[in-house]
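Taken from Swiss-Prot, the feature carbamoyl phosphate binding site applies to Arg64, Thr65, Arg114, His142, Gln145, Gly271, Pro272. Under the heading L-aspartate binding site, Swiss-Prot lists Lys92, Arg176, Arg230, citing sequence analysis as support.
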Amino acid sequence: MQNETRSLWPHKDLLDVDQLSKDELLHLLDTAAQFHEINRRPVKKVPTLKGKSVILFFAEPSTRTKTSFDVAGKRLSADTFSLAKSGSSLQKGESLKDTALTLEAMNPDVLVIRHSSSGAARFLADRLACGVVNAGDGWHAHPTQALLDCYSLRQVWGDTFEGRTLCILGDIAHSRVARSNVKLLTSLGVRVRLCAPRTLLPAGVGNWPVEVFTDLDAAVRDADAVMCLRLQLERQQAGLLPDLREYSNRYCLTPRRLELAKPEARVLHPGPMNRGLEIASSIADAPASLVLDQVAAGVATRMAILFLLATRTDGGR
């Protein structure tokens, strides 16, 4: 497996999903499936990355993604080290580059970064010799979330993505999850619909390869899957929403609205959820929900990413 991966994986970094060819994407998902199977065993730890080191550099708050990467690294037997902005010299005014160079002097094999500035991951990848994984940069991209979402859908759909319809619902304007999912899923032939109030749609969305809706009933009709995005409550405080109750009335995914989708439609949510605001509790806990599947897929997918980057052929880009 390792020798095969060395010959097939050319990328030093994972910055966004559009850097992957279809063959590379399928190889990554197939690798994740192998690790998913390992994660179901009584003993989940394998020696695959023993002796490798992974630094988790989260300059923005995170619970799910950071924990998922930490678990992924440990299950591969890598040494993982965590650094948050509150515990780093960034808080004292040190530049991102100097902090990263200090970390690289420790000779890690992979640096996983989350940062509030769009482009931060690429900035580091262009300057550091170790592999860099973008765990979310501003509103720009969240490739590992899109990959685990794709993996979760593949568990249901198989490889028949072409012609499927996915509705992404919620705060699209400020969502790196939506941006990466649009890139990835449309490249596989999925028809993507975006649904949000006009104040939560991004500028230039008319140029995206998507259909845009402000009416949720129309957006979910005959959809194969619906992805709800967390509504950040500060959007209402910023005046982008008139009233949270009105938002819930118009944009909460309820049983009645899900009935408008296809009978076998699945529901996704990257978390954390605002139950009763963007998704009804009965939907979040329903058999159609893939929310917990996404959590399991996240560990397996991130194991695959760490494995591929840490064992790649030198000289890849």
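Just so you know, glycine gets a Cβ as well, placed from its N, Cα and C.
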Integer Å distance between the CA atoms belonging to Arg230 (L-aspartate binding site) and Arg114 (carbamoyl phosphate binding site): 18
Thr65 (carbamoyl phosphate binding site) CB neighbourhood, other CB atoms within 10 A: 23
Residues within 8 Å of the Arg64, Thr65, Arg114, His142, Gln145, Gly271, Pro272 Cβ centre (excluding the carbamoyl phosphate site residues themselves): Ser62, Thr63, Ser68, Ala135, Gly136, Val177, Pro270
Arg64, Arg114, Arg230 as binding-site residues, winner by CB count within 10 A: Arg114
Residues satisfying Cβ distance under 8 Å from His142 (carbamoyl phosphate binding site), sequence separation of at least 6: Asn134, Ala135, Gly136, Arg176, Val177, Arg179, Ser180
For Gly271 (carbamoyl phosphate binding site): intrachain residues, at least 6 apart, with Cβ closer than 8 Å: Arg64, Arg230, Val291, Gln294, Val295
Where Arg176 (L-aspartate binding site) sits in the secondary structure, as DSSP reduces it to three classes: helix
Arg64 (carbamoyl phosphate binding site): secondary structure state under DSSP, collapsed to three categories: helix
For Gln145 (carbamoyl phosphate binding site): intrachain residues, at least 6 apart, with Cβ closer than 8 Å: Thr65, Gly136, Arg176, Val177, Ser180, Asn181, Pro270, Gly298
Distant-in-sequence Cβ neighbours of Pro272 (carbamoyl phosphate binding site), under 8 Å, six or more positions away: Thr63, Arg64, Arg230
Arg176 (L-aspartate binding site) CB neighbourhood, other CB atoms within 10 A: 21
Three-state secondary structure, Gln145 (carbamoyl phosphate binding site) (per DSSP): helix
